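What follows is a set of notes on a single structure, which appears directly below.
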């Protein structure tokens, strides 16, 4: 019965993911250049199995070069969005002066980065010293740190990368288990990225990371570690990078790479929808 429920959920999830690709694409793919980036990203991850981080870096580079060589083309997406979505009245909008606490400061940024690095380095060093670098818990912590650093476009974009690592490379769970986790995450309340907690639990349980006598505790420990190392970089990004991003409004040199990454994310999300469909 449970298997039947999951089997019925998957087609609906594929439709939801496809709708997400359309929603993001309608905002980001405003000319042929961005369409080409999205198509290239789809081919790269679907046909060539290129790692998601390389796709992000390539898209950012394309946007940076395009912003310098053809700013009228690579600046159109933001201009079009500003004109077509003026929005209503807001307490804080794009023309509101930046509040004092959100003004970029090297001193404040360095403090946040140092605190964040300590919160990451201490548990990572402890895991490495106590369990060794090759232990599944250490590898999970390192892998999901990298995944968190690549979450451009949200969970839809990074989950194919998680699949590549967790299923294909490390073998923490099977393709079927990953599919069930994605379906469960999409059909229950909460952000889809929480599926990484599911990946951590299943991986910790099946790999008996704390021994065969404590498989449940091992699954819980892995789930907690994966959640910590996934969300910590996001908080660092927001607290340290938020004030800097506020200073980049309408600067093509900064917005063009980000918009190009968003275009690439559309292709990656389309790959995820196709992944559900084929499953």
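In case you wondered, yes, glycine gets a Cβ from its N, Cα and C as well.
TrEMBL assigns the feature transmembrane segment to one of the listed ranges (32-48, 49-65), namely 32-48. By number of Cβ pairs under 8 Å, the transmembrane segment (140-163) is matched best by 215-240 from the list 32-48, 112-134, 183-203, 215-240, 252-278.
The transmembrane segment (252-278) shares more Cβ pairs under 8 Å with 32-48 than with any other stretch in the list 32-48, 112-134, 183-203, 215-240. Distant neighbours of the transmembrane segment (183-203): 6, 9-10, 12-13, 16-17, 136, 140, 144, 147, 151, 154-156, 158-159, 162, 166, 170, 172-173, 177, 209, 219-220, 222-227, 230; these residues of the same chain sit at least 6 beyond its ends, with a Cβ under 8 Å from one of its Cβ atoms.
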